[in-house]
Amino acid sequence: MSSGWEVRMSNSKRLPYFFNAETKESRWEAPPGLTEKDIKALPGADLLVRPQEDNPSAGQIKASHLLVKHRGSRRPSSWKESNITRTKEEAIAVLEQYQREIHAASNKAETFGQLAREHSDCSSHSADGDLGFFGRNQMQKPFEDAAFALQVKEISGIVSTDSGVHLIMRTA
């Protein structure tokens with residue numbers, strides 16, 4: 001029987017939290033009624049015991065991203081804008097402009113970080129878009145597939161997920 005709970009990593013606090021995919025509830029403490037065995041069996045439970053800082057496990061990569069949300073995003077609000085009304089097409093056009101700026105820059109990584117800091121709709125903007133280390137099955141599938149396909153220092157094309165549209169730069 002599925003409880004709907006899973007463990008995810010907070011991008012801003014770099015700490016694991018519990019998320020219920022059915023009810024969309026998030027909480028720092030373990031949900032009531034789950035035994036230790038239940039918790040260890042949750043998707044992402046390894047995040048509860050493995051340090052995530054700069055100590056990656058085998059199979060993990062590190063990436064930064066620049067997220068532009070649109071009105072069809074699963075949560076169309078951000079630190080910059082409480083109610084995002086742009087269309088997906090408008091969000092893609094915004095990212096295409098950022099792509100041009102990055103590709104024209106002499107230091108692409110620095111420009112990527114600066115654009116993420118100033119413009120990303122993700123809380124990771126405060127860390128220049130840095131998502132830290134992550135492994136398979138920790139990110140939305142299109143994001144994961146794109147990030148794992150990149151070489152270190154390579155920047156993706158535009159990637160669409162339920163969160164919005166992204167540019168991803170693999171950093172390790």
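Placed from the backbone N, Cα and C atoms, the Cβ positions cover glycine too.
Any TrEMBL annotation is an automated prediction that lacks curation.
Distant neighbours of the coiled coil (88-115): 64, 66, 68-72, 128-129, 153, 155, 157-158, 160, 164-167, 169, 171; these residues of the same chain sit at least 6 beyond its ends, with a Cβ under 8 Å from one of its Cβ atoms. The feature coiled coil is assigned by TrEMBL to 88-115.
The domain 'WW' annotation in TrEMBL covers 1-33. Within the same chain, residues 39, 42-45, 47-48, 52-53, 122-124, 126-127, 131-132, 134, 138 sit at least 6 positions outside the domain 'WW' (1-33) and bring their C-beta atoms closer than 8 Å to a C-beta of that stretch.
For 58-172, the entry in TrEMBL reads domain 'PpiC'. Mapped onto DSSP helix, strand and coil, the domain 'PpiC' (58-172) counts 43 helix, 24 strand, 48 coil.
For the domain 'WW' (1-33), the DSSP-based tally of helix, strand and coil residues reads 0 helix, 12 strand, 21 coil.
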